[in-house]
């Protein structure tokens with residue numbers, strides 16, 4: 001694999017020599033940093049099993065190598081990347097997989113280690129959504145995830161990825177993560193803090209990542225990380241699990257931040273060793289039980305992961321100063337709820353007791369039950385999934401609800417051919433040789449829901465959202 005020129009400040013190299021254990025070669029570190037990063041994907045098991053996905057893509061000639069810490073993760077090599085980018089494949093568009101760097105799958109693996117089954121989880125710095133969607137898959141779309149993102153522009157990307165992957169158990173917030181310890185004290189069974197960092201581990205993806213690097217900026221970032229970790233620890237319930245991770249390599253932003261928490265709260269903090277997380281994990285193990293992944297160890301991005309347990313309750317932080325405001329939704333119950341449920345079921349949209357119906361004017365939403373105790377304590381950017389808009393003739397079912405809830409074996413399901421699916425993704429109506437009998441059609445491809453549509457005579461009217469419409473080649477092996 002070709003080398004590429006990476007910019008290394010001298011002070012960074014000095015720091016890495018000091019941080020790297022004697023068992024590792026510094027020359028191999030430099031060599032690994034100069035190799036382009038291997039691409040990797042994570043199969044979305046909310047949509048398809050690993051075995052079924054591998055069978056589906058077998059004819060494509062993709063070379064997949066298992067990632068040892070993530071059963072559904074694979075390094076991928078393809079010959080047709082220029083003709084058809086991985087992100088434009090039909091399997092990606094329908095949410096069957098997520099393009100995710102291998103080492104970034106480690107934090108969620110750590111969060112769910114030792115048969116941990118949290119019901120309410122916070123992803124404190126969630127965009128673009130790789131870890132949120134990985135958490136949702138591990139939870140089987142049950143329970144609830146509060147996915148927070150400080151950057152307003154990245155909240156939109158986060159929602160788009162959650163929607164594409166068919167996730168229904170998530171609430172989105174847009175806050176500085178430092179508010180949660182005070183706003184939601186001891187409310188979460190598990191928290192992932194993938195902290196903002198200096199990004200020293202990403203030079204294989206971005207050779208200029210260290211252009212603005214300095215030891216002083218690392219210390220400033222570490223101060224922010226301590227504040228975020230303190231907030232996360234207060235928001236965690238006693239007995240809960242917290243994973244702290246970064247994509248950087250210096251000790252100040254990694255081990256020292258975690259040791260600061262231990263020094264501050266002493267017996268309330270228990271470090272949970274990660275040496276048994278996967279075969280060969282001990283190659284990256286620190287004396288504290290953390291994983292400090294230098295890029296040459298597993299041929300991936302540099303990364304750091306620590307897991308800890310909260311052993312006892314803490315005194316409350318000062319109450320937050322913001323006002324939440326009136327909640328604009330009301331629960332939908334009784335006859336109205338039954339009517340909506342029956343109408344949705346009739347077109348193939350199904351859900352269980354984990355999701356509850358709420359209403360705002362003519363909008364009908366589904367919220368995860370586990371999130372309801374947080375209502376009134378924090379403002380949500382988006383909560384659950386929008387199911388429908390009501391009108392005089394019934395309901396206008398929403399695309400994100402179809403992707404998350406539709407049953408592809410429903411009587412109204414209509415499986416498209418490859419050519420018809422290409423037309424669908426391009427926003428065009430479908431003219432099947434044998435039109436479906438029903439007026440309301442659940443359009444599927446590869447037995448995955450693509451949308452709900454109306455049959456008008458012999459034509460299926462396209463309902464694919466305009467902002468998602470694609471042009472160009474979409475299907476592997478199809479010219």
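Count begins at 1; order follows the chain as displayed.
Backbone N, Cα and C atoms are what each Cβ position is placed from, and that goes for glycine too.
Here is what Swiss-Prot says about this protein:
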BINDING   125, 126, 127, 128, 129, 130, 131, 149, 176, 194  S-adenosyl-L-methionine binding site
ACT_SITE  247  active site, nucleophile
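Feature map: Swiss-Prot annotations on the structure.
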residue: 125; record: S-adenosyl-L-methionine binding site; DSSP (3 states): coil
residue: 131; record: S-adenosyl-L-methionine binding site; DSSP (3 states): helix
residue: 176; record: S-adenosyl-L-methionine binding site; DSSP (3 states): coil
residue: 247; record: active site, nucleophile; DSSP (3 states): coil
Most crowded position, judged by CB atoms within 10 A, among 125, 176 as binding-site residues: 125
Packing count at residue 129 (S-adenosyl-L-methionine binding site) (other Cβ atoms within 10 Å of its Cβ): 28
Cα-Cα distance, maximum over 125, 126, 127, 128, 129, 130, 131, 149, 176, 194, record's S-adenosyl-L-methionine binders, Å: 20
Between residue 247 (active site, nucleophile) and residue 176 (S-adenosyl-L-methionine binding site): CA-CA distance (Å): 20
Rounded to the nearest Å - Cα separation of residue 129 (S-adenosyl-L-methionine binding site) and the residue listed as 'active site, nucleophile': 15
For residue 247 (active site, nucleophile), the number of other Cβ atoms found within 10 Å of its own Cβ: 24
Neighbourhood of residue 131 (S-adenosyl-L-methionine binding site), C-beta criterion under 8 angstroms, separation at least six: 104, 107, 108, 123, 192, 194
For residue 127 (S-adenosyl-L-methionine binding site), nearby residues of its own chain (Cβ under 8 Å, 6 or more apart in sequence): 149, 151, 154, 155, 157, 158
